[in-house]
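Asks: Shown below is the structure under consideration.
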Amino acid sequence: MTGQPLLQVRDLVVQYDGLRALDGVSFDVRRGEFLGLIGPNGAGKSTAFGAIAGTVRPTAGTITFDGRPIQGLAGHRIAKLGISRTFQHVRLFTSLTALENVTVAAATRHRSRRTARLRAQQLLEHVGLAHLATSPVAALSLGHQKLVAIARALANEPCLLMLDEMMSGIADHEWSHILSVLTDLRDTGLTLIVVEHIMEIIDRLTDRVIVFSDGRILAEGNSLDVQAQPAVRATYLGEPIA
Amino acid sequence: MTGLLKSPTTHITGFAIAIASLPFWLIPNSGILAIAIVALLYAAAATAFNLTAGLGGQLSFGHSIFFGLGAYATALLRQDLGWNVWAAVPVALTIAVVAALALALPSARLGGVYFVLVSFVATLALESIATWASDVTGGAAGISLTVGSPAPAELRFENPLGHYYVALILLTTFLGLFAAVTRSNFGLRLRAVRDDPAAAAASGIAVARQRTVSLLVSAALTSLVGVAYLQYISYIDPTSAFGSMTASMIAMPALFGGLGTLWGPVLGATVLISVQQTLNPAFSGLPAGLGLIVFGVLVMALQTIEPKGAVHLLRSGLRHLGQRLGTSKRTAQPAGDSLT
Amino acid sequence: MTIFVQTVLGGLLLGGVYSLVSAGLALSFGVTNIVDFAHGDFVTVGMYVAVVLGGAGIGPLLSAPVAAIVVALFGILIYTTALRRVVDRPQDTSDARHVPQLVVTFALGIVIQNALLLGFGPDQRTTPGGGHVLMLGPFTLDRAQLIAFCLAVTILGLLLITLRSTPLGRVISAVVDDQEVVTLLGIRSGRLLPLVFAVGLGLTGFAGSVISSYFPAAPASGLSFMTIAFIAVVLGGMRNVLGAVVAAPLIGITQQITATYLSPEIANLGVYAVFITVLLVRPHGLFGLKGLA
């Protein structure tokens, strides 16, 4: 393990027309860390994902990944450098099968079609969906779609994986399956950032959480400690400051 | 064996043989043959269009740009410099590719509706330019090539059947290419970009590059149709080269038949071009306008009933029929979307 | 200098009516997300309403309200029979989501053009009156164009006031700004969308009738109006009615400058050039993204 953090975000600002979605955010992510981003809707968590992954163009600030600045790079270049993400609304390639969804991402790492396909099959197996490989993704349940999204993100062979609200909208019977996939990912030593509303997941998996509120960082630290802070309880859990 | 039956190569070969045989038993006279040639040419152009619009989701309402440039380049080189068609082909291809690059510049950034508008406006702009630059292009009157003595080696035929087979060769080649691209990694990337550009970028796919390459290939192929069209008609003017009707005659067969499907553009061109040509006053003696009214109503009706196109409608119809007859075994198979 | 001012003045007068056509398009696009490739042909329908009423001795300016109503009703009919099924679904992220409505409206345009061709023949038709010229110092103004301009400005003023200060207008503005408002406000979009589409087309039909006072009607006249309206809407920032209204006269002026200094044959070429340049430099239009008025 090198001393330098894998990801350094400094004074990040994202401005949409009239709205300042991120207003000077700075944080680090260490190698192998499992970081949780929490906060109310519209606090800027997904925007932070977007800015890091190149889906959203930062207005100001720097993002350094593995020692090199990446802010403002095109999304596919950032993906090639080793940052993968999933989306809150899944966003699979709807006219492709599950296997094709993963293969197309794997093909950015493997020149040969055969190798890409094998890798994709392997990944689908890894998330427990080998039996659904040839299904059109539109026919899959939301939980299965989210697993395909994870496999697709992994097919990029990332060093940093960002998962946006994996557990929301998941049927009860799929819950433990997805949780075990997430736990497996953590155990492989991959660096992970998750946006999640379900505190049980945050408490169980994360090493550290950052609380966003109104485009700024409100608090940072161990999940339970952070939740005990009055300011966090006030904005996030809606309790008045005692 | 069933793999062979399902392979698009088999389908395309079968199709080519069947169409090649038509003049010997189904096409009764030169009037119908003329319609068939036009239908084949537009089917080829629509297949080229399908490559970028269907697979890449880059809907161009200005593919007439490439068609018209191909036709004009050939006409001018033949008329002014006395070149033969084979010398004109590389020039036509080059010009079309350069035009496509110019068009890709804004579209790579904009996409969606903007691209539709930019491409449409660009073809109208070319129509204006071709009308204006009359010293070079002959202006609104167009260029009429002297037919001269037939020279099959230079694609100038005495019997229009020659043009029929040229058009068929183009179409068959384009269909083969389309099927190959669909199955390739490039095709997979294109379809990913079409489905969700942002997610494609996040998966490491260079969105703008896929779009640009597909547009370049599509433009090059479309310009070849322009060359073949000129060889057949021996006449080109700004409106038939770049006008909005030509733009729609290239796009509509694919949109009607089924965007992104192999056979959609062929089916669409067969139906729409036949309707438009047979109800044409010159052919049928019917009042002007009727043919295109039917054309438009057909497109509207189909699009509201089945936005995915006639191929899908036909397939679900066949499946339904198959189940009715209890022979659902073959037709009820989930047909791989990409290859149908 | 006189020629230049005369040219700009002429462009401005034409531009007033272009504003009307463009406002109609911006409104229907903003609310229904329909990229209406038949928009120009609705102008032509308005022109032919004036031609028909002109046969009964009614002038095109008096015909304008009738044309507005006819075209608006026609719009409702088209919306409920065909467009309703192909309106945009905002949750669809694919680039191809506009395809069905583009196809339907483009085909509709073909149907309208050819129905007019079938009914009225290919020749140009004119309406009674017109041809009068007013002198303003060294400048000449076409009387019909001047009246059309004043009418267009009045109607647009009324439209903008309605959008800003009536309850329905504010709802419409909100929807133009943000599609999700439809769901948030629980608006019965089933009724709002065709209504606004019809209002947009009413403006367009009105404009068509007014235009016929100085521009002869032909079945394919709509193409150039459609192109102008599209360009005005894009330059204005897509979902920005005021932006389209302001951009349209700029198009009229560009057209006239190209016609005067290059060649009337390519009057539109200057407009296309401006359009493509602006898209390259400012892809979200001249005035930025948001804001209805």
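Glycine is no exception: its Cβ is also placed from the backbone N, Cα and C atoms.
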Asks: What range among B:138-158, B:285-305 does TrEMBL describe as transmembrane segment?
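Replies: Result: B:285-305 is the stretch TrEMBL calls transmembrane segment.
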Asks: Under an 8 Å Cβ to Cβ limit, what residues of the same chain, 6 or more beyond the ends of the transmembrane segment (B:250-273), are close to it?
Replies: 8, 11, 15, 35, 38-40, 42-43, 45-47, 49-50, 53-55, 59-61, 63-64, 67, 171, 175, 178-179, 182, 191, 194, 222, 295, 298-299, 302-303, 308-312, 314, 337-340
Asks: Taking contact to mean 3 or more CB pairs closer than 8 A (sequence separation of 6 or more), are the transmembrane segment (B:213-230) and the transmembrane segment (B:162-181) in contact?
Replies: yes
Asks: Which residues of the same chain, at least 6 past either end of the transmembrane segment (B:112-133), have a Cβ under 8 Å from a Cβ in it?
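Replies: Answer is 58-65, 68-69, 72, 103, 106, 139-140, 237-239, 241-244, 246-247.
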Asks: Please report, as numbers and ranges, the same-chain residues at least 6 past the borders of the transmembrane segment (B:59-77) whose CB is under 8 Å from any CB of it.
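Replies: Apart from its flanks, the transmembrane segment (B:59-77) reaches 45, 48-49, 52-53, 83, 85, 87-89, 91-93, 95-96, 99-100, 103, 115-123, 126, 130, 136-137, 143, 145, 215, 218-220, 222-227, 229-231, 236, 238, 241-244, 246-248, 250-251.
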